[in-house]
Number of protein chains: 2
Amino acid sequence: MRRFVIVGHKAVTMPKFSLNDLPGGAGRMDIIARCINSSLFLSHDLRRNVDTYAVLLGEPNPPVTVRFNGEKVRYLSPDERSAAALIKKALEKGAPMTGEEESTPGVYISKRSFEDTISGLDNIIYLHEEGEDIRNVRFTGDETFVLSDHQNLTPEEESVLERKGAKKVSLGDLLYHADHCIVMVNYELDRQGL
Amino acid sequence: MRRFVIVGHKAVTMPKFSLNDLPGGAGRMDIIARCINSSLFLSHDLRRNVDTYAVLLGEPNPPVTVRFNGEKVRYLSPDERSAAALIKKALEKGAPMTGEEESTPGVYISKRSFEDTISGLDNIIYLHEEGEDIRNVRFTGDETFVLSDHQNLTPEEESVLERKGAKKVSLGDLLYHADHCIVMVNYELDRQGL
């Protein structure tokens, strides 16, 4: 299973946001939506072997984690509004006291924090410009790739990764948007036949 | 200069489309918008060495070509609505009888067809699963990459490419969305130091 964890530091945690203003009022929910697209879509197909975790840390009720499962997800189209609408539905349902609950087919909501989410996952890869060149890394196809939105991970979030023994992997000399990084990672794993 | 040409077979050619319904009423304008994003954005920067041509072939007034120039473009944000809004503004201005005209800074509109657009460009690369593996091709950084939206290029469009001596290049065994292909191409060129 390929896993992507994307941290939305300002992404809102209530359902009353407008699908017409994802970058503004919804706290850069557009980034989260594009990351869901780039992690899950193939041409005329979905990547069944991907789980994508969106960790929403914006007001008024952080943290909330929404997970999209590539095998089971339905009603997801490639446009930003579509992924954002499924997040909105998850927030409307609300997170259970413990564990996660399915809000629409293949979409799950929980009150898990970034640390909770990471602690439940294995083989953590932190995409970072100081890491080992991705083209020199041999993957297994069972990795968790961690990305941040328009803000860097905080020192506290970085410590969470360090404690889990995360490996730093670099995409090269340039800095890219998170959704573009996900395309590159998926592509590298495809090229490795995983 | 890196150039991308994306063909929107159903993308509307009048400005009265809703930014709230890019996939439907606007003829998969969401694909065009994502291609503009993936061709032009770096993290906190734009790719100054990129020209992106969106060839709109939907009703009621095809063809229209809208060009985004990475060096000069302004008012472009990464979300789909932003690129679509600039296309809308270009369509509101309308195309001149000949040549192209600037509608907003760095965005240009013309009545050029796919054939007109291709005939004015050099070093055409047709991304196609039967082509040479991209990782075996040495680029110069002065190429024109041609992509289609959710529909394949028509036989007529393919002949235009053939007549220009287009080279087929493959991204591998899987089929990807056009915007993801653009991320992969930009990345490969970045990796080649171009």
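Along the chain as shown, residues are numbered 1 onward.
Glycine is no exception: its Cβ is also placed from the backbone N, Cα and C atoms.
Quick caveat, the model's predicted, so the values are computed rather than measured.
Around the Cβ of A:L127 (S-adenosyl-L-methionine binding site), a 10 Å sphere holds 21 further Cβ atoms from the protein chains shown. Look at TrEMBL and you will find A:L127, A:C181 tagged as S-adenosyl-L-methionine binding site.
The secondary structure of A:L127 (S-adenosyl-L-methionine binding site), as reduced to three states from DSSP, is extended strand. Taking Cβ-Cβ distances under 8 Å and a sequence separation of 6 or more, the neighbours of A:C181 (S-adenosyl-L-methionine binding site) in its chain are A:L127, A:L147, A:L171.
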